[in-house]
Amino acid sequence: MSSTIGEKIKISVFGESHGKAIGVVVDGLPTGMKINMDKVLHEMKRRAPGNDKTATPRKEADFPEILSGVVDNVLTGAPLCAIIHNNNTKSKDYSDIKRCPRPGHSDYPAYVKYNGFNDIAGGGHFSGRITAPIVFAGAVCKQLLEEKGIKVTAHINSIGNVYDEEFNPCNIDDETIDRLLNSSFPLIDESKEESMRKVVADASADKDSVGGTIECGVVGVKAGIGEPMFDGIEGRIAKAVFGIPAMKGIEFGKGFDLAEMRGSESNDNFRYDENGNVYTKTNNCGGILGGITNGMPIVFKVAVKPTPSIAQKQETINLETKENDILEIKGRHDPCIVLRAVPVIEAITAITILDLLS
């Protein structure tokens with residue numbers, strides 16, 4: 001399985017949802033940087049299951065046990081390795097899935113690729129549970145970026161058909177960043193929370209699930225970072241984002257809306273401010289031109305599909321009898337993963353940006 005990404009900052013993720021532990025190895029981090037573990041644990045809590053009604057009732061502490069790379073909270077230069085123990089698993093809930101793959105999940109293609117030897121309990125290595133070590137690695141990378149004056153933030157852009165306000169793409173201020181970081185339901189317009197929660201509750205009551213979108217912003221990256229064509233920043237971020245389970249789409253800046261504009265509307269006009277700094281009056285390009293940063297905030301949205309594991313009866317196949325079958329999924333599942341995915345998107349973005357700057 002290919003679970004490694006990065007060039008100078010490399011992360012390797014390991015483990016399965018119902019295994020003894022999951023974890024990550026991070027190579028290439030600088031030495032001597034002191035890590036604020038309180039900030040790391042805060043990021044872990046944002047993603048952890050069982051902390052919100054929109055999430056799975058499976059409770060996990062998600063406490064990272066650091067095995068190497070840190071002494072007295074200072075990076076040593078050795079590979080940073082951390083594991084997170086799985087303590088609340090119910091693998092018996094997945095007994096039927098070995099022969100009847102779940103619609104919308106990786107069960108069937110993974111069965112074919114790995115000749116049926118892959119661990120399917122809880123989704124195995126394909127589970128959203130595997131994003132916990134990514135958040136740990138990202139929490140460390142976020143602190144390293146902050147030393148460079150760079151901040152990564154995100155919010156729920158939509159759940160179902162209920163939408164939050166979007167970032168001001170030209171100015172994502174520190175107050176907004178701090179508020180979103182410390183919010184249990186990160187929205188720019190907090191009045192939308194009740195409506196979004198109702199969408200999730202209604203889906204759950206129908207034994208169903210619902211998806212949404214997340215908007216992410218990166219502030220403080222100077223112009224000139226990135227490469228043209230195949231190694232541009234859009235491509236690097238997109239590759240990393242699509243490594244996160246359930247992510248099915250991405251757009252930078254105005255994205256697909258640009259297809260309906262004229263050039264006179266979409267072009268971001270350059271200006272000098274009173275200090276001689278270059279900026280653009282709009283940021284339709286999302287801070288990236290030709291795969292290279294232009295100095296404006298990097299802004300993009302990702303599409304999160306509805307959780308495939310739903311309690312309704314679904315049509316599937318039986319791999320043992322080679323006949324069509326009906327599957328009724330048991331177990332504990334998120335009716336909506338958008339909330340818990342927000343810190344994951346921040347984390348994988350921070351890892352990618354730090355790699356580009358290293």
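The backbone N, Cα and C atoms fix where each Cβ goes, and this holds for glycine too.
Residues or ranges marked as NADP(+) binding site in TrEMBL: Arg47, Lys53. Under the heading FMN binding site, TrEMBL lists His125, Phe126, Ser127, Gly290, Lys305, Pro306, Thr307, Pro308, Ser309, Arg332.
The structure, with features from TrEMBL marked on it.
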residue : record               : DSSP class
Arg47   : NADP(+) binding site : helix
His125  : FMN binding site     : helix
Lys305  : FMN binding site     : coil
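By the criterion of other Cβ atoms within 10 Å of the residue's own Cβ, the least surrounded of the binding-site residues Arg47, Lys305 is Lys305. Checked against Arg47 (NADP(+) binding site), the binding-site residues Ser127, Lys305, Ser309 differ in C-alpha distance, with Ser127 being the nearest.
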